[in-house]
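Trainee: Pasting in a structure now, in structure tokens, and then I'll have a few things to ask.
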Amino acid sequence: MSNTLPDLPYAYNALEPYISEQIMTLHHTKHHQTYVNALNAAEASYAKAQSPKERIALQAALKFNGGGHINHSLFWKNLAPSPDKGGSGGQLKAGALKDAIDRDFGSLDNLKKEFNAATLGIQGSGWGWVVRPHPCFHSLRPVCLSRTIPR
């Protein structure tokens, strides 16, 4: 299986002034591409591995780089240019997500405050997500992961 860097659904400068074109280009073409390259290398090594010991030794690289690739792919899809640039970024449309945010946090601004507080301590390879932790639970909450490994 060969993984590829996904195209962005917007131009590198589309998120300015919030995220610069230089940062977007670097983050997408260098940082995310590094995860893709390392994941492909780990998968190739795994396919050639002769023993269970060799395959077990590759699991950390597969998880780390696979997680980095998946998380970044989701990240790009969840960014959008602002309305003045023809996008819908920064706007929460009516629907199930808005209803859940209003129910569980009171407002989008409250969600942002709680999310920022929960993720303040993440440094390096960490991610923050707003999730519904289980289909049986009917509430959203911020979750922090200290590594790129999806759980």
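Sequential numbering from 1, following the chain as shown.
Yeah, the Cβs are placed from backbone N, Cα and C, and that goes for glycine too.
Copying in the features that TrEMBL gives for the protein in this structure:
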- 4-80: domain 'Manganese/iron superoxide dismutase N-terminal' (DOMAIN)
- HIS27, HIS72: Mn(2+) binding site (BINDING)
- 94-132: domain 'Manganese/iron superoxide dismutase C-terminal' (DOMAIN)
Trainee: Reported in the order helix, strand, coil, what are the DSSP residue counts of the domain 'Manganese/iron superoxide dismutase C-terminal' (94-132)?
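Mentor: The counts are 22 helix, 5 strand, 12 coil.
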Trainee: For a quick check of understanding: among the binding-site residues HIS27, HIS72, which residue's Cβ has the most other Cβ atoms within 10 Å?
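Mentor: Answer by Cβ density within 10 Å: HIS72.
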Trainee: Which numbers of helix, strand and coil residues does DSSP report for the domain 'Manganese/iron superoxide dismutase N-terminal' (4-80)?
Mentor: 54 helix, 0 strand, 23 coil
